[in-house]
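Annotated features, as they stand in TrEMBL:
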DOMAIN    1-93  domain 'FAS1'
DOMAIN    97-247  domain 'FAS1'
DOMAIN    251-397  domain 'FAS1'
DOMAIN    401-535  domain 'FAS1'
Amino acid sequence: MRAKRQADISGMTARDLILAHAVNGSYHIEDVSNEQLLKTELEGTNIRVNIFPRGPSDKGSDHPYRYTANCAPLLKLNHVAEKGIVHVVDRVLLPVRRNIMQIIRARDDMTVLRTILEKTGLSKMLEEVGNDKHFTVFAPNDDAFLKLDKDIRRKLKAGSGCATNILKNHILDITFCSLAAVNGVKTTTYNMLNEKLEFEYASMAKTEVEDMSSKKEQRLKINGVATIGETDLMGTNGVVHVIDSVLSTDSGMPISNTLANRNLTIFKQLIDDAGLEDEFDSLSNKTFFIPSDKAFEQSEAGQYWIKQLKEHPESLRDNARLREFLQYHVAEPLIKTCDLQENMVKTGAGQELRVNLYNTNPVFTNIMNRATVNCARLMHFDDETCGSVVHEVDKVLEVPKSDLLGALRANPDYSMFLQLVEKANLTELLSTANESFTVFVPKNDVFLEVKEWFDETMQNADDLDNVIRSHIVPNVVCCAGIVQSDWPFIRTTETINQQRLKLNRDRRPQVQNAGITKCDIVAKNGIIHEINDVISVQKKVRAEAQGFPSFTRPLTFWFK
C-alpha cells in the first residue's frame with residue numbers, strides 16, 4: 001500500500017498536493033453533512049466528508065461523531081487560523097479522479113469481478129457520479145472467486161444465474177469507510193439487498209516476520225468470513241475495499257444450493273435425477289413449496305418417489321410424470337408469507353394451488369399466523385434464493401385428479417354417503433368448478449352402525465337435505481387450521497345450511513361430535529375429511545314444537 005501511494009504521489013507537484021487539501025470557504029465540521037462533496041482548489045477534484053457514530057467506549061470526546069475526509073480520519077477539528085479553518089487528517093489526501101468502476105478496471109487482480117460487473121450491467125451504476133451518487137464496494141479479488149464451486153463461478157462469469165444478487169451483496173449505497181467499524185464491537189450495516197453485513201476486528205495469523213514483534217495485526221472481517229486486505233480505495237463516487245472471499249447470500253444462490261442447505265435432500269435428488277437442475281436453477285420470480293424429507297416418508301406419493309430413487313433412478317431422466325410432480329410445487333410469482341392471501345395461485349405449468357390462512361390465537365382472531373398450500377402447512381418459510389423464495393411444507397403436494405363428486409365416487413368406502421348426496425340432488429353442487437367446499441364424509445361402516453336411521457333418512461327428503469348440507473362447509477377448513485380451543489373461545493364454522501359446527505382438537509381434529517380420521521383429501525374444488533360419526537344436527541322444527549329439541553338421530557353431542 002505504501003509503495004502504491006508513493007507511486008500515486010510521484011507524478012504530482014507539491015503545489016497540486018497542497019491544493020488537493022484545500023477547499024474554498026470556511027467549514028466548521030458541524031456545518032458539513034454526511035456524504036457532502038467539498039470542491040478542492042485542485043481543478044476537477046473533491047473531498048468527500050463522511051460522519052460516523054462513536055463506539056460505546058468512546059463517549060468522552062469533545063465531538064459526538066467521528067469524521068473522515070476521503071475516508072481519512074480527522075484527528076483534530078475546527079482549528080481557526082488567520083485565513084480559514086484547519087482540520088488535521090491522519091494521512092495525505094491523494095486527489096481522487098477515478099470512479100469506482102475505473103478503480104476496478106485498473107487492477108490486474110480483479111479481472112473476474114470486472115467481467116461479472118460488466119456482464120450484469122452493474123458497471124454502469126458504479127460509473128455514475130454526482131452529489132447523490134455514493135457506493136461502497138467490497139471487492140473480491142481473483143483469488144477469492146477461485147474459492148467458489150466451479151459451476152457457480154462459470155455462471156457468475158457469464159452474468160447468469162444469481163450474479164446480480166451476489167454482486168449486490170457486496171455493494172452498499174453509502175460510503176462506508178474503514179473508520180466506521182469500531183474495534184472491540186460488531187458494527188452493522190445493510191447492503192443493496194437489504195441484508196445485514198457485520199464487521200468485526202480480528203487478530204490475523206502471524207508471519208515469521210511478525211512473530212518477531214509482540215504486536216498482533218488486526219484486520220476487519222465481514223460476516224466472520226471475508227477479510228479486508230486493502231481499505232479505503234477512494235473513488236469519485238464512493239470507496240472500494242478489497243476482500244479475500246466472496247460473501248455468500250441465500251438470495252444469491254440457486255435453488256439447488258438452498259435445497260442442500262435446508263436438507264431438503266429428496267426433492268433435490270429428484271430434480272437432479274430428472275435432469276432438471278439447470279432448469280430449476282434458472283427459474284426466477286417463483287415461489288417454491290418444498291416438502292421435507294419427512295413429508296416424503298409419510299405419504300404414499302412420497303414413498304413412491306423414494307422407491308424410484310432407490311430402485312430405478314435411471315427411469316427418472318426426462319420422466320414426464322416426475323416433471324409434472326416437481327413443477328406442481330413451483331408457483332408464480334414470488335410470494336413471501338407477508339404477501340400471502342386466501343386464493344388460488346398458478347404453478348408454472350398453469351395448474352392451481354390453494355392457499356389458506358388460519359388464526360391459532362383465541363384472542364387476536366384477526367391475525368393470521370398459519371398458512372397452508374393444498375392443506376400442507378408451511379413449516380419453514382421465506383428462504384430467499386436467486387430471484388425466488390422457498391417455503392418448506394409438511395406434505396407432498398399432489399395434483400388433484402377430480403372434483404369432490406369424483407373423489408366420492410372413486411372411494412368405495414364413501415358409497416353410502418354418495419347415495420345420500422345423490423338422493424338429495426346435491427351432485428351438481430359438489431361438481432361446481434368455481435367453488436370451494438369442505439365435505440365431512442363418514443365412511444360406510446359408520447352408516448352401517450345406524451342402518452335403520454340411514455334407511456329412514458333416505459325416505460325423508462327434508463331430513464336428508466338437512467343432514468347432508470350439515471356436512472358441507474362453503475370454504476376450505478384444513479386440519480392444520482383446526483386447533484385446540486376452550487370456552488369461551490370455541491371455534492366454529494358455518495355449513496351451507498347455516499348450522500354452526502364446533503371445531504376443536506384433542507388427539508385428533510374434531511368437528512362437532514365426530515373425530516376426523518383422515519385429513520385433507522384434496523380435490524379440484526375443495527377438500528374431504530373422513531370422519532368417524534355422522535355429524536349431529538338440530539332438526540328444523542315446526543312452530544308448535546318450539547322449546548323441545550328434535551333430532552334426526554340419537555345425539556352424542558348436545559347443543560347449548
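Heads up, the Cβ atoms here are built off N, Cα and C, so glycines get one too.
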Could you give me three numbers for the domain 'FAS1' (251-397), the DSSP helix, strand and coil residue counts?
55 helix, 39 strand, 53 coil
Per DSSP, what is the residue tally for the domain 'FAS1' (1-93) in helix, strand and coil?
18 helix, 35 strand, 40 coil
Please work out the mean pLDDT for the residues of the domain 'FAS1' (1-93).
87
By DSSP, what is the split of the domain 'FAS1' (401-535) into helix, strand and coil residues?
50 helix, 37 strand, 48 coil
